[in-house]
Amino acid sequence: MADNSLRLVWVYPDLLSTYGDQGNALVVERRARQRGLDVHRLDVRSDQPIPTSGDIYLIGGGEDRPQRLAAERLRRDTGLSRAASNGAIIFSVCAGYQILGHEFINDVGERQEGLGLLDVISTRGEGERCVGDVLGDIDERLGLPQLTGFENHQGVTHLGPTARPFARVRMGKGNGTGDGTEGAYNDTVFGTYMHGPVLARNPQIADMLLKLALDVNALPPTDDRWYEALRAERIASATAPA
Ligand code: GLN
């Protein structure tokens, strides 16, 4: 990262920003500003080139057709893949997560190539759509508190040997394979099925992205009372008897 400025790229808000995922960009931006960083946020529409100089890239979820278009354009553009090979941090949600894998099943039922930035393959689940609240334990190496989120997907994601599960679900489906895993990551590329938006529900994940970008182990503390109240409310309502 150059000097005190953080370049935050929100990828394809015109195609991949359903389910409130825009909130992820707001949360990273705000938490970076609270730490005195000068944030340059770039919202890159699908008819624009993806810059390769970003520090953090965020990609949201989307319906099946926009997902197909987004994957086609990202492959053609190559900017995101080049940024990843330069060590950029990428955080992706649901359709965005599937696009970062090797392949997924698109809206016309065909196998479609993704970017191959995560060692995962997504197929179409045969069972019911995975919809509902999720609670999970994030991979211990990441040192983060309990994961809370909301999932809504038909795709099922299988992890290859170089992808680590981002979390293990206590409640909900996550990757949908039945093995309890949720999401995947490698060094700096993350994928999750969690909406919510997930970074508002889990601000410590936003801070992890900032620490990776700044290459530091700790950040100045922030007043997180509102976040904690939201987290407690979501966890309580997710676990309350129906
Ligand atoms: N279309 C994908 C699926 O259903 C992704 C959905 C989403 O982004 N919420 O699996």
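Residue numbering: from 1, along the chain as shown.
Any Cβ shown, glycine's included, is placed from N, Cα and C.
Quick caveat, the model's predicted, so the values are computed rather than measured.
According to TrEMBL:
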DOMAIN    8-202  domain 'CobB/CobQ-like glutamine amidotransferase'
ACT_SITE  Cys94  active site, nucleophile
BINDING   Arg129  substrate binding site
ACT_SITE  His195  active site
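Separation of the C-alpha atoms of the residue listed as 'substrate binding site' and His195 (active site): 15 Å, rounded to the nearest whole number. Local packing around the recorded positions Arg129, His195 was summarised as the count of other Cβ atoms within 10 Å of each Cβ; on this measure the leading residue is His195.
The residue listed as 'active site' sits 8 Å from Cys94 (active site, nucleophile), counting Cα to Cα.
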